[in-house]
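Student: I grabbed these lines from Swiss-Prot:
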{"type": "BINDING", "residues": "H63, H65, H145, D216", "note": "Zn(2+) 1 binding site"}
{"type": "ACT_SITE", "residues": "D67", "note": "active site, proton acceptor"}
{"type": "BINDING", "residues": "D67, H68, D216, H274", "note": "Zn(2+) 2 binding site"}
Amino acid sequence: MQLQFLGTGAGQPSKARNVSSLVLKLLEEINEVWMFDCGEGTQHQILETTIKPRKISKIFITHLHGDHIFGLPGFLSSRSFQANEEQTNLEIYGPKGIKNFVLSSLRVSGSRLPYRIDFHEFDENSLGKILETDKFTVYADKLDHTIFCVGYRVMQKDLEGTLDADKLREVGVPFGPLFGKVKNGQDIVLEDGTKIIAADYISAPRPGKIIAILGDTRKTSASVRLAVAADVLVHEATYGKGDEKLARNHGHSTNMQAAEVAKEAGAKRLLLNHISARFLAKDISQMRRDASAVFEKVHVVKDLEEVEI
């Protein structure tokens, strides 16, 4: 499981950073890629990666500001060319209005897609659990921005315990079909009458990963709720230390406020993104150092960077 950042800039593209988009790679888990936001130029960024557009099965939009959605029409159209014979349908989750934006853009431009898009829109009254599969659950909660904006909490369900193969061999279980039965939780009886209780040879279920991905926001209690015990928290840091008033006036956060959220939530790692173009390389280093005084495991991400979860 990996996060790859396609755009880490704030508001508008710069030479160093494109506007907002990232993907959660779940190839080993479910052979899918989930995208979060799709700012202008996202499809160009994808060309610099190994991501296959047809593997992107779900897109989660945090809010309807242009730097988070203007890349959708182009990406959706290009995806139809690249899918070839393996047409894969797509689901888009986001605030009310995202369906109208996408369909209007496609209609006005005369674009026709060979795959189906299922829209899942929500407002302030329909948040909470927005998706559940056999392996993942996704929650959305309202943040505090200048327009309706949400953050997402992706929870992987507990993983099956692992089989202790060495222990099985020690008690005389031959490698082969019997191993498979025990792994599937089935008790077996050996030829000599020895009964093997499967539960004795399988470790306890392992907790799944938790990933919190927030849209644009001031510091708010919802951010903490979404990030509780998260393995990774992705939080915006449009402003730096000392710019709290500016951040509040414009509906954003500072690096220090993001660090406070991570600390209060008990998150394991903090990844700062949505970085203003006014921050140069030396400023980014200082931004990380300042935030680490509040929350140690912090990193400022850059475009195309991939982070293992």
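We count from 1, first residue shown onward.
Note: Cβ is positioned from N, Cα and C throughout, glycine not excepted.
Fair warning: this is a prediction, and the values are worked out from it, not measured in the lab.
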Student: Using a 10 Å cut-off on Cβ-Cβ distances across all protein chains shown, tell me which of the binding-site residues (H65, H68, H145) has the largest neighbour count.
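Tutor: It comes out as H68.
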Student: Between H63 (Zn(2+) 1 binding site) and H274 (Zn(2+) 2 binding site), what C-alpha distance do you get in Å?
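Tutor: The separation of the Cα atoms works out to 14 Å.
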Student: Using the CB centroid of H63, H65, H145, D216 as the Zn(2+) 1 site centre, which other residues of the same chain sit with their CB within 8 A?
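Tutor: Other same-chain residues near the Zn(2+) 1 site: T62, L64, H68, L143, T146, I147, C149, G215, T217, G251.
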Student: Indicate the candidate from D67, D216 with the smallest number of other Cβ atoms within 10 Å of its Cβ, considering only these recorded positions.
Tutor: D67
Student: Highest Cβ count within 10 Å among the binding-site residues H63, H274: which residue is it?
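Tutor: The residue with the densest Cβ neighbourhood is H274.
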Student: Using the Cβ center of D67, H68, D216, H274 as the Zn(2+) 2 site position, which other residues in that chain lie within 8 Å, going by their Cβ?
Tutor: A10, G11, V19, S20, D37, G39, T62, H63, H65, G215, E236
Student: I need the CA-to-CA distance for D216 (Zn(2+) 1 binding site) versus H274 (Zn(2+) 2 binding site), whole Å please.
Tutor: 8
Student: Report, in whole Å, the straight Cα-to-Cα distance of H274 (Zn(2+) 2 binding site) from H65 (Zn(2+) 1 binding site).
Tutor: 13
